[in-house]
Amino acid sequence: MSKADKLKARAPRGFADRGPADLSATERMLAAIRETYELYGFEGVETPFVEYTDALGKFLPDQDRPNEGVFSFQDDDEQWLSLRYDLTAPLARYVAENFDALPKPYRSYRAGWVFRNEKPGPGRFRQFMQFDADTVGAASVAADAEICMMAADTLEKVGIQRGDFIVKVNNRKVLDGVLEAIGLGGDDKAGQRLTVLRAIDKLDRLGRDGVQQLLGKGRKDESGDFTKGAELADAQITKLLLFLFSPFGHTASPQPTPTDHSAETIEGTTIFKSTKNALAIQQLRKLDFESATYRAGVDELAQIAELVDAAGYEDRVIIDPSVVRGLEYYTGPVYEAELTFQVQDEDGRPVRFGSVGGGGRYDGLVGRFRPEPVPATGFSIGVSRLFSALRMVNSPIVSGQDKPGPVVVLVMDRDQVAAYQRMVSSLRQAGIRAELYLGSSGMKAQMKYADKRQSPCVIIQGSNERERGEVEIKDLIEGAKAAEAIASNEEWKAARPAQFSIPEDRLVEAVREVLGRHFS
RNA sequence: GCAGCCGUAGCUCAGUUGGUUAGAGCACCAGAUUGUGGAUCUGGGGGUCCCCCGUUCGAGCCGGGGCGGCUGUACCA
């Protein structure tokens with residue numbers, strides 16, 4: 001059979017395998033997140049990967065494009081099912097289904113895989129993990145403030161330094177109020193409102209000029225592709241910019257970014273960067289848009305600011321009116337956890353990491369299943385994104401030393417496998433990772449195998465040792481160090497560095513000693 | 001989705017105006033060493049030159065279409 005006839009071994013586009021190093025590092029990171037969530041009083045819950053499509057709330061697949069955005073399929077009874085694309089909608093379903101039994105407010109966390117059927121890119125997969133925490137049944141913005149503080153604690157817990165991240169907070173009511181006040185209220189303006197929100201959402205990436213273009217006629221990107229704008233009048237744009245930059249400077253990071261300036265001039269008014277949430281609230285009140293929604297939203301932000309400032313989080317949880325988040329179901333406070341440090345990619349170009357998580361209040365979601373309205377708020381961490389960020393800053397939680405490989409018992413004589421297996425068993429019974437070499441190659445290959453497995457040492461017993469009732473232990477870590485000084489192969493072989501012989505009944509003891517040398 | 005760039009061994013890449021059997025380094029396997037990781041030397045396995053169609057006596061190279069990758073942009077619960 002020629003190679004062309006063989007199946008090509010490849011993971012599907014946008015799906016990734018994970019090796020042992022990733023697995024254990026991810027596990028450590030998840031444990032740290034879980035610990036923080038637990039500390040705040042949240043409890044675990046798990047829901048399935050698959051939900052009824054209508055429970056996910058987006059849209060029923062139509063016949064032509066049943067998998068637009070989500071992975072969907074039909075059950076025996078014609079019911080549409082979908083792989084979940086976030087953890088919020090499934091939680092809403094769970095809470096509604098178990099409403100009477102759950103304590104309220106119900107506070108729970110869960111980590112899990114979610115799936116999105118869209119074009120993958122670097123660092124962007126069709127299967128990825130989220131780690132959420134939600135408070136359901138609490139209308140008070142104290143719940144929102146708490147979740148923001150918890151997000152900050154979580155990032156520190158996994159090894160992001162204070163100052164290298166911020167949790168930005170805004171309120172959809174504020175945004176809605178501003179849009180209303182500049183004449184974009186009403187159902188007929190829904191499309192335009194959406195375009196405006198999308199433009200605002202891009203502030204940190206495109207900067208003020210880009211957003212200004214998108215609010216007006218539109219913007220052309222580097223490749224010459226044109227994005228149609230919201231077609232707002234200049235007066236409307238000015239008001240929006242005044243709003244966006246009112247507590248100006250809160251997307252700031254130690255390094256310059258497109259949005260990081262110490263002052264901004266809009267229509268002759270120069271606005272200086274403020275660094276205090278209370279000041280930001282003052283500014284927002286000063287703008288005084290003619291909208292009850294706006295004032296209610298600012299009041300909520302003021303409460304949140306007061307709570308986080310009182311708890312000493314004012315340098316990490318920051319009011320920022322440019323945060324938009326999802327366009328689908330958020331109804332009140334929205335938040336976004338952003339990493340503010342810069343790193344270099346492989347080509348040495350500076351890269352900003354940006355958002356590693358976000359969330360907000362979704363008061364309408366559980367209510368879809370219930371006769372009564374149920375307020376809820378929650379936060380979601382993009383586990384994979386956070387993980388690669390931690391890799392880049394070398395957080396000890398992901399770069400910590402991996403556990404050593406197994407002690408490998410070499411097979412010198414095929415007819416002695418039972419004896420070798422006995423050694424393996426005695427090591428295992430002593431709690432030491434160990435294995436018999438199960439391949440068919442010679443000794444040299446077995447040494448290479450042990451090396452690749454990161455074995456701390458190998459056990460050697462040929463006929464010579466057996467006759468004396470001994471085994472040889474070769475310390476591979478020590479040996480590798482010793483080898484650096486050896487140039488010729490003859491010397492290398494003769495020296496047998498870091499190798500010693502012991503009576504067979506002292507095997508466990510001696511291996512323990514070797515392990516103790518390197519992994520105390 | 002749209003736009004630009006790109007596609008030769010597991011990886012990084014050479015490959016002349018279109019001309020024998022397509023190369024290198026690294027990696028892998030084996031031997032030198034009948035029982036020792038590294039280094040060195042020698043040898044070996046690996047390719048539908050992304051795919052299809054076309055032009056040509058002849059295509060890795062030229063043309064068209066497709067697929068895939070990267071970058072930007074759009075969408076994003």
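Even glycines carry a Cβ here, placed using N, Cα and C.
Unlike curated entries, TrEMBL annotations are predicted automatically.
Just one of A:R116, A:R316, A:R352 is listed by TrEMBL for the same L-histidine site as A:D86, A:L87, A:T88, A:Q130, A:D134, A:R325, A:Y329, A:Y330, and that one is A:R116.
Sequence-distant neighbours of A:Y330 (L-histidine binding site) (same chain, 6+ apart, CB under 8 A from its CB) are A:R172, A:G360, A:R361, A:Y362. Working note on the binding-site residues A:D86, A:T88, A:Q130, A:R325: by count of other C-beta atoms within 10 Å of each C-beta, A:T88 ranks first.
Classification of A:R325 (L-histidine binding site) by DSSP places it in coil, neither helical nor stranded.
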